[in-house]
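Enquirer: Pasting in a structure now, in structure tokens, and then I'll have a few things to ask.
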Amino acid sequence: MTTTPISNVRNFSIVAHIDHGKSTLADRLIQTTGGLQDREMKEQVLDSMDIERERGITIKAQTVRLRYKAKDGKDYILNLMDTPGHVDFAYEVSRCLAACEGALLVVDASQGVEAQTLANVYQAIDNNLEIVPVLNKVDLPAAEPDQVKQQIEDVIGIDASEAIMVSAKTGIGIPDVLEAIVTRLPPPKGDRDATLKALLVDSWYDVYLGVVVLVRVVDGVLKKGDRIRMMGTNAAYDVERVGVFTPKMVNVDELGPGEVGFITAAIKEVADTRVGDTITDDRKPITEMLPGFKPAIPVVFCGLFPVDADDFETLRGAMGKLRLNDASFSFEMETSAALGFGFRCGFLGLLHLEIIQERLSREFNLNLIATAPSVIYKMHLTDGQEIEIHNPIDMPDVVKIAEIEEPWIEATIMTPDDYLGAVLKLCQERRGTQKELTYVGSRAMAKYELPLNEVVFDFYDRLKSVSKGYASFDYHLTDYKAADLVKMQILVNNEPVDALSMLVHRSRAEGRGRAMVEKMKELIPPHMFQIPIQAAIGGKVIARETVRALRKDVTAKCYGGDITRKRKLLEKQKEGKKKMRQFGKVDIPQEAFIAALKVDS
């Protein structure tokens, strides 16, 4: 394979909102440049997980090296980085963008700019990327290219007069996209003779090769047999193979400056290769890392318990396997009196949580219960200590707490005008404060500050339902603020159920508690004695429902006769029930847990 001069290399990524067609566009580019034969083409080539293909989302970043002969007769190498579009994976997006010099901004011509498009475009602009707007789905009858062009200029502030019209599905305009990549995007810069410096873009686990690391070489040359060092973890490895994806893995002799490819080096765990790390030569390392590296920090936590206690070991193995491929997912063992043994898991966000849960049930056939998601709270104690907790069970005694702080986010919500009222009302209900509200054509863009605690529960589902699915939402963490939070417990027959305790804002506690006890009342079957179900904060009960007892008609065999005879039997029954209530155990069915945790606040 002859080395291509650096001026003929182009690294670009595709930035788009979910469902605007970037994976389909990637398919067309691969097909047009002959990366795969027609028989090997399938929908969304780059989305390798079934779940990615089904939900139409990209989770792990992927890359492809395409060879393209341009109209000027030169051969170019185009490295396409397919980035995830969802907010939970924003850090992966930022690393992908750091490895590129340009980006294609794909906007659906029938839907216009959405919230996540904005977030990703701003990241691209921050990384000084050249941006080429592409309007997709122009073949749809609902497409309004001129309005969307105007919208791109108004909202994002980049010139869209030369936006390329394409339909990725039918293949219209694909050659124009390839030409634009070559003519409008800059080549990478890099010094071949300098010391090796490369960016670790992503990594995943392969059963045969160990960890496969995706790299973008900035300076120097990376070849087989080199001894490399990861600067973030300070571990050294010997490179075993170097290659590129065309999307198939193809071995090459070396990767020069500006090139993107993969290496394997007998690395055991993905956790050893942190996304955004800098790779250098072990013999003569560079002194400073590439900017922007930060370890993945979980934001949302929840407990996962197997419905069948015998599945615990299977669950442990399954989580270990997922952890091989996803370093941002963390877990530790936890026990619950109500649910038995399970794990407390940390995720990047709600989509990440859903995906992990779905993969556990789908790939490993596990039946799971998830407890209510929670976030990390900071507790300032009266003795001057500061602790962080994410499990309501670990909360110290109320008298010891001086102040509780919770994380806040800044959310950007784009919605059609008609649903704006409902969306603003939802944000207000969730203790949000409005920062700004702007209009672009018939769409409104609202910026809100919201507590993350209110968002993790079911905010996204509610937002979709109040806006008939049209609103889009994107957020990033800002800081911690003091809050009046209380620990609410659910008591069944005067016994606290640990799996249902949660930290809520005092103003929302009664509503949330009442909804939960009502739901539990419907689902706990009647026992031989009456069962009180209570929601309590500390010693104060804020809501109560009672499941009535089943009782036998003890007076059935008395015909007529004296009332005292009947009374004696009823009193005797009453005594028995009282005794039962002291010693009886209540069986709470799994459905009751699941329903109580799904309660719509």
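Each Cβ is built from the backbone N, Cα and C atoms, and glycine gets one as well.
Below are the features I grabbed from Swiss-Prot:
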DOMAIN    7-189  domain 'tr-type G'
BINDING   D19, H20, G21, K22, S23, T24, N136, K137, V138, D139  GTP binding site
Enquirer: Quick check on the binding-site residues: of S23, N136, whose CB has the lowest count of neighbouring CB atoms inside 10 Å?
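Expert: Minimum Cβ neighbour count within 10 Å, taken over the binding-site residues S23, N136, occurs at S23.
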Enquirer: Based on DSSP, name the secondary structure state of V138 (GTP binding site): helix, strand or coil.
Expert: coil
Enquirer: According to DSSP, does S23 (GTP binding site) sit in a helix, a strand, or coil?
Expert: helix
Enquirer: Test of understanding: give the count of other CB atoms lying within 10 angstroms of the CB of V138 (GTP binding site).
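Expert: Step by step: centre on the Cβ of V138 (GTP binding site), count other Cβ atoms within 10 Å, giving 21.
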Enquirer: Around the Cβ of G21 (GTP binding site), how many other Cβ atoms lie within 10 Å? Please give the count over every shown protein chain.
Expert: 24
